[in-house]
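Here the structure comes first, spelled out in structure tokens, and everything after it is commentary.
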There are 4 protein chains.
Amino acid sequence: MSAQQISVAVLGAGGRMGSEAVKAVEAASDMQLVAALGRGDSLDQVVEAGATHIVDLTVPDSTEANVHFAVENGLHAVVGTTGWDAQRLQRLEQKLTEHAGVAVLIAPNFALGSVLASAFAAKAAQYFESAEIIELHHPNKVDAPSGTAVRTAELMAAARRELHVPPSPDATESQLDGARGAVVEDIHVHSVRLRGLVAHQEVLLGSAGEQLSIRHDSFDRASFMPGVLLGLRTAASRPGLTYGLDGYLDLGL
Amino acid sequence: MSAQQISVAVLGAGGRMGSEAVKAVEAASDMQLVAALGRGDSLDQVVEAGATHIVDLTVPDSTEANVHFAVENGLHAVVGTTGWDAQRLQRLEQKLTEHAGVAVLIAPNFALGSVLASAFAAKAAQYFESAEIIELHHPNKVDAPSGTAVRTAELMAAARRELHVPPSPDATESQLDGARGAVVEDIHVHSVRLRGLVAHQEVLLGSAGEQLSIRHDSFDRASFMPGVLLGLRTAASRPGLTYGLDGYLDLGL
Amino acid sequence: MSAQQISVAVLGAGGRMGSEAVKAVEAASDMQLVAALGRGDSLDQVVEAGATHIVDLTVPDSTEANVHFAVENGLHAVVGTTGWDAQRLQRLEQKLTEHAGVAVLIAPNFALGSVLASAFAAKAAQYFESAEIIELHHPNKVDAPSGTAVRTAELMAAARRELHVPPSPDATESQLDGARGAVVEDIHVHSVRLRGLVAHQEVLLGSAGEQLSIRHDSFDRASFMPGVLLGLRTAASRPGLTYGLDGYLDLGL
Amino acid sequence: MSAQQISVAVLGAGGRMGSEAVKAVEAASDMQLVAALGRGDSLDQVVEAGATHIVDLTVPDSTEANVHFAVENGLHAVVGTTGWDAQRLQRLEQKLTEHAGVAVLIAPNFALGSVLASAFAAKAAQYFESAEIIELHHPNKVDAPSGTAVRTAELMAAARRELHVPPSPDATESQLDGARGAVVEDIHVHSVRLRGLVAHQEVLLGSAGEQLSIRHDSFDRASFMPGVLLGLRTAASRPGLTYGLDGYLDLGL
């Protein structure tokens, strides 16, 4: 796939993520931004502008129609909008069978580092006796633990069950309420809230005489853009529907 | 005070801490080990051997008699044995008034790094909006949080009250049970238990745009010896009773 | 000092630091912003507006005149502008002798966390066998190590000399060029440059069986404002010239 | 493969690693130690004792004969002894073709966490703009950087070349000698030497707005045993020669 083929239309260009995507595509030497659509703009502009790929960063109400339009016009789609439930995914897979060669990537999380960290943590959790998670966020966050921490714990727990790894050892007999954190499928998860922080997560794995720590720090929204660009660069070689950025990372984990 | 004046008798030399102290004193170029007493040995040996200082690492039942004996004989004492309640301390202070120039240091914790870390954390906690503690230990520990973490939280909370620092901000509305840790006087404390670890503590302090972290790692019992040696070297210049190694560290915090 | 007495004029309000200061003063419940001066505005406005304190975040060419004006009018000054050499400081001290009760704080660094971290590192360096520094910055930085790292190393080295602490042990016989970092007065300093980072520094201190780490992370310019506000709140109680924010922190180190 | 089939003979049982292996096999509920051979003991004991697997932790001079003996007798071998050059490996592969179903694992490093960390670092290095390594060891180490750090850098550099990732950005114009560390194939490597530490390595990866850190801590020799046990448990299902523990970890990276 040569560089001139990545002609990108950004949908939702007026939003916070969309405006970051516009900047990222403009800065990428192997891409050109051919259209940037906001609320109310006609999808026809995408085709008229000669786009080969779309990035959809709109809203749950319009993302399905946008992606179907792209597929029908033979354009690859990289989608960060939420709202893709099982029924929508099924309808999209059906649509894609009629358009061989077209690729759609739908990813709930475009932070490459976060996706890698979760995949590594799940793999490594199979080989260590103990496993815990610390997640740290700004103090305006209303839920604890973070959704990413819960998903990471679930992935780690599933990987451990697969190899029949017993629960982490823990001799605690007396504790102040909450000291040992929340427990998500046998994995203890601790949530720190601290002014100055953004979104951070550390997975700690221990065995006799050693520790492995995998930490991801998100400092700002710009961290999602390398994942979007990777999606655009990889899509043409992965026809059909891919759910989750890890599907493009060849992790083989 | 010249080096040849530090002639040390170790009491409790057969115990785990005592045997480390014997090794540490022998290895110090400015000290000589003149006696190493175990259970049942007569205290008279200490005087006969020409000790100028004793290190007491015995048991709660004998430490008071040992220290009074030292004071009466004009020897400085460095004490790591527990069991010194208010009454014992009062009796010792009374005894010391009769022996001007004699010094006794009683310290619940001889790990220099841990003592410094707690003192720094308390000072810094006055200047940051958010403060939390993570302590990490081996999985055979039966209580959570660690005693050191509880004491550190109490010191930090007291320092914050002194300057009327409001509680750390926290918008948490929904949480899995325990996610936000234990709360010790408004300070959240998280306890990790992980095979491979020994005893570790990290204090996290945050304000808009910045974070300060103070971490102490204890890898083995040898870490208590520099504090014992510092006590021996400093005692002669601090007559009277000092409680806590920080009293010898000139922290001025 | 009651809250209504802190009436602040910000000089250099059009600059990057100055505009942050304007926001910070406006947000502080115990202060009021009475004037915000840019380039070319007359200093008389400061007096007319009823300021009790000024914040000078201007340029080296005008800061001296601004501060003398403040002192002559009985206003306390908090100064972040550079360019205060020995002669200027001497002239200012002379001027202050004629205006008893007026306070001036000149600080090269208003990041509270950074100032605390350096002070703690210097104190702790006296009690550990080994001491090294790792500083980490964004990859657009042109010098290595950072000025802060060099100053921290100098403070640590001076503190160690005071107690005759020998150099950190190091058995290295063969190394790839540069592996052991730069050496600043016997302290090894390592400079990491990494996209995504802003300004970070970690001081590592080690003795047998233990490690103490003191880390400061600056995520953005907002981190300087708590130091400016602390300066404004404290100035009235510290008449005369104070150089360095640590002079207001009661560190006693 | 049922538990009773793992009957292990440890060769080199008198050495430091060998004696750890004896303890580890004895403690494993799915293995039994049937023989522990020291210098001069006859290999025939291995067969007489009914071993199904051997662990070779001897010396370069005897490891090849030991392994050939095992293969000829249909025993799987897990080998931690050094000295396996290209010629020896070739002779062993030849021998294995004559004994279908027999497995030999030769691993220069049995620390699971270290092997995982290197593999993860190499994979992740393909997706980040910046990559550096910090390794930290006790101060008695004579070389810098560590062999593990050099190998990790080589793996990371090779992975980056494969995807044509440009060198990490670095605007440094002036530096104190050594500040930016050693450079191993475009990867900067920093070596810290600190009393109290054992063997530690941290890989830092950065892109706009995010950082991924992968850290491994080795606290003592016990950390090699989980890798040895994994080798014993996995060997029967991987006939032929495998070089490097990662070959048994299904990393697919």
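Note that Cβ sites are derived from N, Cα and C of the backbone, with glycine treated the same way.
What TrEMBL lists as active site, proton donor/acceptor is B:His137. Taken from TrEMBL, the feature active site, proton donor covers B:Lys141. Annotation comment: TrEMBL describes B:Gly12, B:Ala13, B:Gly14, B:Gly15, B:Arg16, B:Met17, B:Gly80, B:Thr81, B:Thr82, B:Ala107, B:Pro108, B:Asn109, B:Phe110 as NAD(+) binding site. The feature (S)-2,3,4,5-tetrahydrodipicolinate binding site is assigned by TrEMBL to B:His138, B:Gly147, B:Thr148. Taken from TrEMBL, the feature domain 'Dihydrodipicolinate reductase N-terminal' applies to B:6-110. Per TrEMBL, domain 'Dihydrodipicolinate reductase C-terminal' is recorded for B:114-247.
Structure coloured by features recorded in TrEMBL.
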residue: B:Gly12; record: NAD(+) binding site; Cβ neighbours (10 Å): 25
residue: B:Gly14; record: NAD(+) binding site; Cβ neighbours (10 Å): 16
residue: B:Arg16; record: NAD(+) binding site; Cβ neighbours (10 Å): 10
residue: B:Thr82; record: NAD(+) binding site; Cβ neighbours (10 Å): 11
residue: B:Pro108; record: NAD(+) binding site; Cβ neighbours (10 Å): 16
residue: B:Phe110; record: NAD(+) binding site; Cβ neighbours (10 Å): 24
residue: B:His137; record: active site, proton donor/acceptor; Cβ neighbours (10 Å): 23
residue: B:His138; record: (S)-2,3,4,5-tetrahydrodipicolinate binding site; Cβ neighbours (10 Å): 18
residue: B:Gly147; record: (S)-2,3,4,5-tetrahydrodipicolinate binding site; Cβ neighbours (10 Å): 11
residue: B:Thr148; record: (S)-2,3,4,5-tetrahydrodipicolinate binding site; Cβ neighbours (10 Å): 22
Query - Collapsed DSSP category at the residue listed as 'active site, proton donor/acceptor' - result: strand
Report summary line: Averaged over the domain 'Dihydrodipicolinate reductase N-terminal' (B:6-110), the pLDDT of the predicted model comes to 96
Report task. With H, G and I counted as helix, E and B as strand and the rest as coil, say where DSSP puts B:Thr148 ((S)-2,3,4,5-tetrahydrodipicolinate binding site). Result -> helix
Requested in this report: Name, in the order they occur in the sequence, the residues of the same chain whose CB lies under 8 A from the CB of B:Gly80 (NAD(+) binding site) and which sit 6 or more residues away.
Outcome: B:Met17, B:Val55, B:Asp56, B:Leu57, B:Ala107, B:Phe110, B:Phe224, B:Val228
**Report entry** Spatial neighbour of the residue listed as 'active site, proton donor' that is closest, considering only the binding-site residues B:Gly12, B:Gly14, B:Pro108, B:Gly147 and their CA atoms
**Finding:** B:Gly147
Requested in this report: For the domain 'Dihydrodipicolinate reductase C-terminal' (B:114-247), give the DSSP counts of helix residues, strand residues and coil residues.
Outcome: 45 helix, 44 strand, 45 coil
Report summary line: Span of the recorded NAD(+) site, as the biggest CA-CA distance among B:Gly12, B:Ala13, B:Gly14, B:Gly15, B:Arg16, B:Met17, B:Gly80, B:Thr81, B:Thr82, B:Ala107, B:Pro108, B:Asn109, B:Phe110 in Å, is 20
**Report entry** Three-state composition of the domain 'Dihydrodipicolinate reductase N-terminal' (B:6-110), taking helix and strand from DSSP
**Finding:** 42 helix, 23 strand, 40 coil
**Report entry** Inter-residue C-alpha distance, B:Gly147 ((S)-2,3,4,5-tetrahydrodipicolinate binding site) and B:Pro108 (NAD(+) binding site) (nearest angstrom)
**Finding:** 11
Query raised in the report: Within 10 Å of B:Arg16 (NAD(+) binding site), Cα to Cα, which of the recorded positions B:His137, B:His138, B:Thr148 are there?
Result: none
Requested in this report: Report, in sequence order, every one of the recorded positions (B:Gly12, B:Phe110, B:His137, B:Lys141) having a CB within less than 8 angstroms of a CB belonging to chain A; if no such residue exists, report 'none'.
Outcome: B:Lys141
**Report entry** Inter-residue C-alpha distance, B:His138 ((S)-2,3,4,5-tetrahydrodipicolinate binding site) and B:Gly14 (NAD(+) binding site) (nearest angstrom)
**Finding:** 26
Query raised in the report: To test your reading of the (S)-2,3,4,5-tetrahydrodipicolinate site: which residues beyond B:His138, B:Gly147, B:Thr148, same chain only, put their Cβ within 8 Å of the Cβ centroid of those residues?
Result: B:Glu135, B:His137, B:Lys141, B:Asp143, B:Pro145, B:Ser146, B:Ala149, B:Ala199, B:Gln201
